[in-house]
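Asks: Got a structure for you, questions after.
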Amino acid sequence: MPKKDDGAKKPASETVPDQRWKLQVFYLCFYGFMTQIRPGESFITPYLLGPDKNFTKEEVTNEITPVLSYSYMAVLVPIFLLTDYLRYKPVLVLQSLSHISIWLLLVLGTSVLAMQLMEFFYGITMAARIAYSSYIFSLVAPSRYQRMASYSRSAVLLGVFTSSVLGQLCVTSGSVSFLTLNYVSLGFVSFGLILTLFLERPRRSLFFNRPRGTDDRAASTELERMADGDGSGRAQGWRDVVLCRMLREVGALARQPQLRLWSLWWIFNSAGYYLMLYYAHILWNEISPTMDNRRVYNGGVDAASTLLGAIGSFAAGYVKIRWTLWSELVIGVVTAFQAGLLLLMNSTTNIWLCYVAYVLFRGSYQFLVPIAIFQIATSLSKELCALVFGVNTFFGTVLKTIITVIVADKRGLGLSVHPQFYVYFGYFTLLAVVYLLAAIGVGIRHSRHRQPAELALAKEPCQLPVEIPAQEKNPEAGTVRA
């Protein structure tokens, strides 16, 4: 990378006094940790099905839960754009207000409509996660992006783990009711809103609020390069068209085999993953219905799955193989493993076996996520990378919504939870077969390409060894870096 001129104007994040940006990052990580402390979250389903709310399984499965998918799809694109245009903080405030609305409705609501509204606000909080994950990039210089992003992500995972453990301890050891746990969660999310108000609103963002006045062309972004390529010389108007031009470039990039493969994995497997996540707690209640709250271990299972997911994500950084050759096989094997876990979860009558299958399913998915991120992002600019992940998430959400309408919604098939999991098992089995067939095809093509090369090499006369240029001796080509 070319070095910047000493006289070049530095980004705002680099002119901030050293201690100040450190304090800002620390506060953001603390905020990310605290806003995840919602000890009642793991117990929402048994709370709705229990004596506190007394909804039927059909109402929760076919009328209430599907709204989450619809809400998420409806607000995803507007929030994605507003996050950047409004510079993060207003969307984080909206997320905190939505969290408060969720727990107010859980505590005070008594009708199916109130719970559907609760799921609508839940969809907003999920879509608004983009604001937290991208906020960090406005605080620090590009050279610190990777490390700071890992800090903010670790803070969130630690918060989820702590929240799940706290909720489980309250239920199992303290005999705290689900209603009380929801009041505690309401207090924490209210405190989260206060923390949000003290976040500093950045002056710049990724797309709509770029810093101006820099002459450093070596550091120009994809957005600025496209704007310059317009050739019209007008300052006004490029914001209106540049995202469309970037979308067209994303379409052109789809011809790259690895980017296309991992984007398709992101779309299809994430849809199935989140459907399993939404309905797993209902399945647990079906397998082991109990009126004794102390025997509900949802929080402990969520904590274990979060911990295994974090370990899997970390371990993925040390996997060093030729991904251009082995990607399809790895994805196919992991997807087949997940299909088997879904069948086990749905067919067993042992709740502990179901818990273990759930933890392994989430861990195996989280293992592939950082690999997918690296394989997609490795050849893209920051702006295109954000856009690709946004497009992938949107299409995954659309697919998830279509499956929900057909399978779960009462206006579709309205299946109960066990038949739904058979559908998800079939879905993952089909994906595994496609991936494994693609892996076989890659292997056949690779062997055909190798044979002519080996034959030509065998026909050549013996020659003295030649020094190989350094750039051709890199054994790490195509590997995943931590």
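Heads up, the Cβ atoms here are built off N, Cα and C, so glycines get one too.
Features from TrEMBL:
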- 67-86: transmembrane segment (TRANSMEM)
- 93-114: transmembrane segment (TRANSMEM)
- 154-174: transmembrane segment (TRANSMEM)
- 180-199: transmembrane segment (TRANSMEM)
- 264-284: transmembrane segment (TRANSMEM)
- 296-318: transmembrane segment (TRANSMEM)
- 325-344: transmembrane segment (TRANSMEM)
- 350-374: transmembrane segment (TRANSMEM)
- 386-409: transmembrane segment (TRANSMEM)
- 421-444: transmembrane segment (TRANSMEM)
Asks: Is it true that the transmembrane segment (67-86) and the transmembrane segment (386-409) have 3 or more Cβ pairs under 8 Å, skipping pairs fewer than 6 apart in sequence?
Replies: yes
Asks: Within the same chain, where does the transmembrane segment (325-344) have neighbours whose Cβ lies under 8 angstroms from its own Cβ atoms, ignoring anything closer than 6 residues to its ends? I mean 6 or more beyond.
Replies: 258, 261-262, 265, 269, 272, 276, 353-354, 357-358, 360-361, 364-365, 367-368, 371, 375, 421, 424-425, 428-429, 431-432, 435-436, 438-439, 441-443, 446, 478
Asks: May I ask for the residues of the chain that lie six or more residues beyond the transmembrane segment (350-374) and have a Cβ under 8 Å from a Cβ within it?
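Replies: Counting only partners 6 or more residues beyond its ends, the transmembrane segment (350-374) has Cβ contacts under 8 Å with 262, 265-266, 269, 273, 276-277, 280, 283-284, 287-288, 297, 301, 304-306, 308-313, 315-317, 319, 323, 330-331, 334, 337-338, 341-342, 344, 389, 480-481.
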